[in-house]
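*Asks:* Pasting the feature list from Swiss-Prot:
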BINDING   His115, His119, His125  Zn(2+) binding site
Amino acid sequence: MAVEILNESGIEVPEDALLRMARHVYARLHVHERAETAVTVVDAARMAELHEEWMDLPGPTDVMSLPMDELTPGSPEAPAEGVLGDVVLCPEVAAEQAARGGHSRDDELLLLLTHGMLHLLGYDHVEDAEREEMFTLQDRLVSEVLGRPAPAPTVED
């Protein structure tokens, strides 16, 4: 599975763990082995620029999903193929959220990456039922990689 981690933040992040998490999401949701995504890690200033440009919202955010192809989870018999798109992470915002949530910044980054990838696959949390489905799946996927319960999400929708 083609997952590229691009750290443009100048801040050390757990690239191996991010790669492992992304591949796990692909595998569990039956995304084709030739599907592609990029995970870009940026500083707060760059994230604020992207947030304004793509969402027309001020200030940095924790994670942004920038979809390319419209992919949905596949099945073992028919995995989804294509370019998922990009997930952009901000370790500075992740660190603030992790501190509020009482867990590590690295765990928060895994949670945010999973959240962003689920958005790329068409999951959302606007409606209560969607939120329950997405956050339950997010929790399960992160827990499977961590080998322990995932931290509770610390973001506000």
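Backbone N, Cα and C define each Cβ position, glycine as well.
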*Asks:* Setting His115, His119, His125 aside, what same-chain residues sit with their Cβ within 8 Å of the center of the Cβ atoms that define the Zn(2+) site, listed in sequence order?
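*Replies:* For the Zn(2+) site, the extra neighbours are Ser65, Gly116, Leu118, Tyr123, Asp124, Met134, Gln138.
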*Asks:* Work out the three-state DSSP category of His125 (Zn(2+) binding site).
*Replies:* coil
*Asks:* Using a 10 Å radius around each Cβ and all protein chains in view, which of these binding-site residues has the most neighbours: His115, His119, His125?
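*Replies:* When each Cβ's neighbours within 10 Å are tallied, His115 tops the list.
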